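Features as listed in TrEMBL:
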type     : residues : note
TRANSMEM : 12-32    : transmembrane segment
TRANSMEM : 38-57    : transmembrane segment
TRANSMEM : 64-80    : transmembrane segment
TRANSMEM : 86-103   : transmembrane segment
TRANSMEM : 110-136  : transmembrane segment
TRANSMEM : 156-180  : transmembrane segment
Amino acid sequence: MKNKLNGRDFITIGIFNAIGIVIYMAVAFAMATTVIGGFIASGVSFMIAATVYILMAVKVKKKGVFTISGTLIGLIALSGGHLPHAVFAVIGGIICDLIIGNYESKGRMIIGYGTFALADFLGTVIPVILFGTASFVERASKWKMSEAQIKEALSYFKVSWAVGFGLITFVLACIGAFVATRILKKHFEKAGVI
């Protein structure tokens, strides 16, 4: 296995990320219809999109797959004015690639993917916890959230809630990655796709 990404790898990563990001966005928007749903949207999105991302990683099997994925998610976040989310997405991708290593361990792939999802989640909540609620209130108003919804959402922007929702995000993403590895073994390996 050559370690350097080539043109074919970039095309594969691009196609799978397009699919994964569409799934992520659709699930996140559906989940964000409630305040609690908005806080677990990242975990549920990554759980549902796990098969796409894990299949992509197994097909390419080279360092940088999740760094590129995190960068693409980060660019989308940045286009919406969410710089901290963009930074955390890229950092999460880098950490995920470091954890996965040489793709010899399914356990490391599952933990790496969970860490990738956790970083994505943290990029949305840590800025509000550290720097205050003004930016969230401004965005929430644009999203047509009512004053009661904004007040409820702000009550969850505490370290204890962030830890809890972060743990939920990590666990959901790991469950998705575990199921994805089982699906790949059962269906895609037999079909010769990977």
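Positions of Cβ are set from backbone N, Cα and C atoms, glycine also.
The transmembrane segment (156-180) is in contact with the transmembrane segment (38-57), judged by 3+ CB-CB distances under 8 Å for residue pairs 6 or more apart in sequence. Taking Cβ pairs closer than 8 Å, the transmembrane segment (110-136) reaches residues 39, 42-43, 46, 50, 53-54, 66, 69-70, 73, 77, 82, 84-89, 91-93, 95-100, 150, 153-154, 157-159, 162, 165-166, 169-174, 176-178, 181 in its own chain, all 6 or more past its ends.
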